[in-house]
């Protein structure tokens, strides 16, 4: 049976991991956090002193995920999306969060200074939505609000319904 591949993207702190894990639980799809995968497999090519974080080796991430993506049924969670092959995903969801919520979420994760400000600006200027629109067919890219528990439930219901329809239409 064919299963769809889904990309969840958006600024750090918008709720990608929460949505992705619960979505996997409800659909039986496999959830992969690129950040966690990179840590486990040490898929880095250096360290960014300014942002105090490792630099992802995008080519090695692609190599690591390629076979799983071909099999289908994968939910990928990452804050960037322009390096993934265009044909990997059947649908792309860009989560969006109001800055008042996002600021508190990032601050609680220990973000401060330039890193905090740059991530807030990234959300204000819709940077990741634009990146997704340039990287994938426009008709598969969708924005979802991700501020409240009610938004989470609505998003889950909507995506579960989409997965069921996609599976029915493609098998």
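Yeah, the Cβs are placed from backbone N, Cα and C, and that goes for glycine too.
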Worksheet item: In TrEMBL, which of 97-107, 108-118, 119-129 is tagged region 'LID'?
Response: 108-118
Worksheet item: With the ATP site defined by 13, 15, 16, 17, 18, 109, which remaining residues of that chain have Cβ atoms positioned within 8 Å of the Cβ centroid?
Response: 12, 14, 19, 105
Worksheet entry | Overall pLDDT of the region 'LID' (108-118), taken as the mean | 93
Worksheet item: Under 8 Å Cβ-Cβ from residue 18 (ATP binding site), six or more apart in the same chain: what's there?
Response: 152
Practice prompt. Could you give me the DSSP helix, strand and coil counts for the region 'NMPbind' (33-56)?
Written response: 8 helix, 10 strand, 6 coil
Worksheet item: Max Cα distance spanning 13, 15, 16, 17, 18, 109 (ATP binders), Å?
Response: 15
